[in-house]
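K.L.:
My questions will all concern the structure given below.
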Amino acid sequence: MDKFVRMCLMGCLLLLVGLLPLAMGGHNYGDALSKSILFFEAQRSGHLPSTQRIKWRGHSGLNDGKTVGVDLVGGYYDAGDNVKFGLPMAFTVTMMSWSVLEYGKQLDSSGELNHALDAIKWGTDYLIKAHPEPHVFYGEVGDGNTDHYCWQRPEDMTTSRQAYRIDPSNPGSDLAGETAAAMAAASMVFRRYNPSYAKTLLSHAYQLFDFADKYRGKYDSSITVAQKYYRSVSGYADELLWGAAWLYKATNNEYYLNYLGNNGDALGGTGWAMTEFGWDVKYAGVQTLVAKFLMGGKAGHHASVFGKYQEKADYFMCSCLGKGSRNVQKTPGGLIFRQRWNNLQFVTSASFLMTVYSDYLTSARKTLKCPSGNVQPSELLSFAKSQVDYILGDNPRATSYMVGYGNNYPQQVHHRGSSIVSIKVNPSFVTCRGGYATWFSRKASDPNLLVGAIVGGPDAYDNFADERDNYEQTEPATYNNAPLLGLLARLHAGHSGYNQLLPVNLPSLKPIAVRPKPAPRSVHPKPTRNPRVFPAPVSSSKQIDVVQKMTASWVSGGKTYYRYSTVVTNKSGKTLRNLQISVSKLYGPLWGLAKYGNSYVFPAWVKSLAPGKSIEFVYIHSASAASVSVSSYTLA
């Protein structure tokens with residue numbers, strides 16, 4: 001109860017932004033893309049390469065698999081812990097691969113294609129190791145229960161590194177099916193760049209799908225330690241269809257096309273109408289892919305069955321748009337809301353599906369048919385963009401939920417490696433419980449910046465508590481980021497004019513450019529001894545600039561609400577203190593300033609504004625913009 005109260009109160013806390021936010025002039029999707037890929041390097045397990053860009057990380061898990069006689073070194077930690085969970089890792093690889101397959105040209109033009117390929121290969125290299133026999137797959141290394149008892153850097157782990165597997169006696173069709181999908185999708189990615197590697201991946205995909213289909217069962221009934229963390233609620237039917245769809249896409253083998261056609265009803269592909277898509281529930285993804293096959297003229301004699309798949313794909317898209325018979329829930333700020341724990345995973349995945357479906361419909365010259373009427377494909381892309389913009393800062397709290405992007409982002413991320421001093425800085429061993437006492441409980445910013453991480457995100461009312469123990473909102477995950485690779489590349493580069501219903505034609509690789517180091521920050525001038533007080537200017541002056549803009553609107557309860565952003569910039573060459581702002585005609589909540597009598601002032605923890613710096617405050621109401629003016633201030 002105490003935690004719930006704190007989270008609710010945090011929704012009303014004041015918000016400071018030290019610099020003019022990117023949202024004011026549109027988001028830098030290229031920068032966000034670069035950061036989103038960089039996050040995967042912080043999640044690496046194993047022996048780190050010389051090209052590692054996240055320097056505060058070190059080698060870890062170098063004995064993984066040793067107790068079972070299998071090399072299981074490598075792969076990704078799923079989130080803020082040190083466990084390697086196979087199901088979300090494979091889904092992460094599938095979504096990164098799908099991003100490259102759809103938007104490889106845009107990734108290339110953004111200069112991030114090489115990094116995306118590296119991120120995929122780090123995952124597939126491990127998945128190959130985890131599949132030492134046709135009908136054996138190691139689906140987890142480490143135990144979530146013992147791992148969560150400790151708070152240690154991955155480089156210091158003393159927790160169990162037991163390896164858990166599925167086999168014919170202990171099946172896991174969902175895990176094997178998802179991994180088959182990952183291998184098949186990745187094989188298409190590497191077909192041009194590394195043909196022999198692509199052939200190896202495809203061979204594993206064939207074997208894993210056969211394993212999944214022949215020995216059916218839920219993986220968490222075999223690897224029971226995963227139930228508390230990644231329970232397969234949807235079962236394995238969706239993964240069987242998902243794996244078949246990707247194998248057909250990768251091979252054009254009629255067997256997999258027939259599998260989709262003959263099993264669509266029995267396995268739920270034509271029956272389940274979904275409003276979510278993620279590491280557990282794949283139906284909407286399957287339906288999107290099959291709809292593409294149908295629009296591309298590849299359905300053959302299964303056209304009528306594939307039409308049912310497409311109806312369910314349409315259902316998902318219409319529900320997300322709010323134009324269906326059963327629509328997804330949204331926050332007052334317009335964000336898709338599925339659950340309070342790591343909600344942004346569903347936002348990024350749904351936004352990716354909407355983006356590719358928009359491009360499929362555009363290529364096929366079709367519209368989306370919703371219960372409320374026909375919808376143009378561009379509307380799907382616009383809505384997906386609105387979700388990305390919300391994540392990057394266009395929200396009631398003016399908070400970026402991507403660490404390191406913008407000027408106001410989570411500082412206390414629920415992540416062991418990020419929250420503990422780097423082993424490169426202080427190699428002193430961090431004990432299991434000592435990590436909790438010394439680092440987890442710190443009420444300070446993380447010592448290591450987890451660049452690009454998408455955290456769990458706000459609650460159903462757009463509230464967010466930046467606290468390390470608030471794992472529901474501040475813990476990141478690889479599968480949050482994976483769909484963003486393609487989505488951000490698409491938004492950054494725009495449509496390049498090719499038909500996405502045609503076969504994939506990825507660009508040739510280019511050398512990775514070395515980015516110049518940023519220039520050192522300038523030193524602010526020292527204040528004078530005798531500050532001078534100025535009379536109240538109206539809105540702006542030569543010293544203080546005030547800019548106000550409406551950044552978002554949405555409908556709730558039949559009423560239209562508007563989010564306004566006001567930025568006050570110190571244009572003088574001196575330090576701004578004792579700022580008082582008058583706000584009239586305000587009919588809703590305001591964040592970013594403290595109330596002082598009839599005026600607003602700096603928050604309690606802000607004493608001044610340096611030259612050239614800005615402070616932003618935001619407010620929401622269902623009327624036109626409030627009247628804002630500077631009452632008084634001091635320059636020193």
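Glycine is treated like the rest: Cβ placed from N, Cα and C.
Automatic prediction, not curation, is the source of TrEMBL annotations.
Note that the structure is a prediction, hence the values are computed from the model and not measured.
Quick paste of what TrEMBL says about this protein:
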ACT_SITE  H414  active site
ACT_SITE  D466  active site
ACT_SITE  E475  active site
DOMAIN    544-624  domain 'Carbohydrate binding'
REGION    516-535  region 'Disordered'
SIGNAL    1-25  signal peptide
K.L.:
Taking only the Cα atoms, work out how far H414 (active site) lies from E475 (active site), in Å, as a whole number.
P.N.:
5
K.L.:
Counting Cβ atoms within 10 Å of each candidate's own Cβ, which of the active-site residues D466, E475 comes out highest?
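P.N.:
Comparing the active-site residues D466, E475, the most crowded Cβ belongs to E475.
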K.L.:
In whole Å, how far does the CA atom of D466 (active site) lie from that of E475 (active site)?
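P.N.:
Cα-Cα, rounded: 10 Å.
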K.L.:
In the predicted model, what is the mean pLDDT computed over the domain 'Carbohydrate binding' (544-624)?
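P.N.:
Its mean pLDDT is 79.
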K.L.:
By DSSP, what is the split of the domain 'Carbohydrate binding' (544-624) into helix, strand and coil residues?
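P.N.:
Its residues divide into 0 helix, 52 strand, 29 coil.
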K.L.:
What's the number of neighbouring CB atoms sitting within 10 A of the CB on H414 (active site)?
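P.N.:
Counting Cβ neighbours of H414 (active site) within 10 Å gives 24.
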